[in-house]
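Below is one structure; the comments refer to it alone.
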């Protein structure tokens, strides 16, 4: 006797359960004769549900449970897409409000205590007075923001993440190397911001909480936001941006009566102007700002291809440069005032959060301000985690199979212990790290700008064919990138000035050591890349 078959999938079960609703209608053939009745059912196959995974067949055990859980997360708003190009029909509708999240995202990125710290190191580590510090901050930041804003405008045109676009100029394998370096850069930045967050929470708790516990708490909050995806990042930026404007305005008002001490005699005697100081601080400022160009379009691929370039450029540029300039100038002024205020000087020796804590009065209100500054750090760290995972998929291609949100967990697991270990030497880490950043960008920025502006202009789906985004045999070989890097690296090494290495060109700068590695390195890379890339395209067709 035949046994009744059991449903093998959820879809089969739904079909069997709906059989009771079937009705049978008589049918006739072409000769008017009755034929066997055909069932008519109310059941309809839900294609959208099937696409979302609700009718997917899952394996048994832990693996099946994990896959089912992942599908539920995606179904409820968690972003899954990694570096795969975004199709036009998966993008948002362009309205006047589409530009607001782009502005607030970059503003929240930099309206934080790390920008304040970058201002502090001008007088503290490079010995620059107010005029020199202010001139460096304004000029170097305005210049460094241009490549970032331009790269962001290519996201809607191509639908590709930033390091995927780099494959079309650098080549598949060189882009892997730069993707790995970019991951290391962002992990370093996140470690620094996590250190500041931990110090802020420790001060907010009246020192009952250790730095390490504060670092872990801030890292977990940032992880949750980056885990959800771009929509959560836009929401937190819209929330954090206005709050941090109020906080920094209040901080400026509280310290305003003493900021004139930035040009007092004590500050004048302790600082000055030197070529080595200006060039060294300039290198730090370049590294602080221009490295955003390696992740600029990660946040703009959701915009449609017809998004006008100029409005988007201005939104990103102003959202990036205005916060950096304003907060960095405030940090430099406060640090210069410490030469006249003993309590500020003692707090600054401990760390930047301690300086702000002392400025705001060290009371209950100051502790609340520290909590808000921790929020500002999270608004920087969460998008960085998001982009670090994407660069990881370029650097290690098999990670494309790993859901984007799971990469956020991996990135956090890497930078968190680094932040805990480096918490005791923040100033030195910031000085060395931000300056070194400008060195590798001297190799990366020229090809990134030259390729879309000269060789693939106008930028679009024709000049950046989406179907070859991961095809090694169709993307450029990378000869131009390799040749320009080989020529640029020796120049960078000869022009850099760090505590652990000073090149022979840097040693010839008047009045000490001067760091001109980015300027000379980028110039050489540009001069080499242009002709070699022309020949590469001519003879390889790629």
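Quick reminder: no glycine exception, Cβ is built from N, Cα and C everywhere.
Feature annotations, reproduced from TrEMBL:
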- 25-40: compositional bias 'Polar residues' (COMPBIAS)
- 1-40: region 'Disordered' (REGION)
- 105-126: transmembrane segment (TRANSMEM)
- 132-152: transmembrane segment (TRANSMEM)
- 172-197: transmembrane segment (TRANSMEM)
- 209-228: transmembrane segment (TRANSMEM)
- 235-254: transmembrane segment (TRANSMEM)
- 274-295: transmembrane segment (TRANSMEM)
- 316-345: transmembrane segment (TRANSMEM)
- 365-386: transmembrane segment (TRANSMEM)
- 406-430: transmembrane segment (TRANSMEM)
- 436-455: transmembrane segment (TRANSMEM)
- 475-496: transmembrane segment (TRANSMEM)
- 516-535: transmembrane segment (TRANSMEM)
Practice task
For the transmembrane segment (235-254), could you work out the same-chain residues 6 or more beyond its ends whose Cβ comes under 8 Å from its Cβ atoms?
Solution key: 100-101, 104-105, 107-109, 111-112, 225, 326-327, 330, 356, 359-361, 369, 372-373, 375-376, 378-379, 382-383
Completion exercise
Checking 105-126, 209-228, 274-295, 436-455, 516-535 against the transmembrane segment (132-152) for Cβ pairs under 8 Å, the most are found for 274-295
Exercise for the section: Would you confirm whether the transmembrane segment (172-197) and the transmembrane segment (475-496) meet the contact rule of 3 or more C-beta pairs below 8 angstroms, pairs 6 or more apart in sequence? Expected result: yes
Completion exercise
Lying 6 or more residues past either end of the transmembrane segment (105-126) yet within Cβ distance under 8 Å of it, the residues of that chain are 132-133, 136-137, 189, 192-193, 196, 200, 233-234, 236-237, 240-241, 244-245, 248, 267, 270-271, 277-278, 280-281, 284-285, 288, 292, 299, 315-316, 319-320, 322-324, 327-336, 348, 352-353, 355-356, 373, 376-377, 379-380, 383, 426-427, 430-431, 434
Problem - Distal contacts, the transmembrane segment (209-228) - CB-CB under 8 A, six or more residues away - result: 77-79, 190, 194-195, 197-202, 236, 374, 377-378, 381-383, 385-386, 389, 405, 408-409, 411-412, 415-416, 419-420, 423
Exercise for the section: Count the CB pairs under 8 A between the transmembrane segment (436-455) and each of 316-345, 365-386, 516-535, then give me the winner. Expected result: 516-535
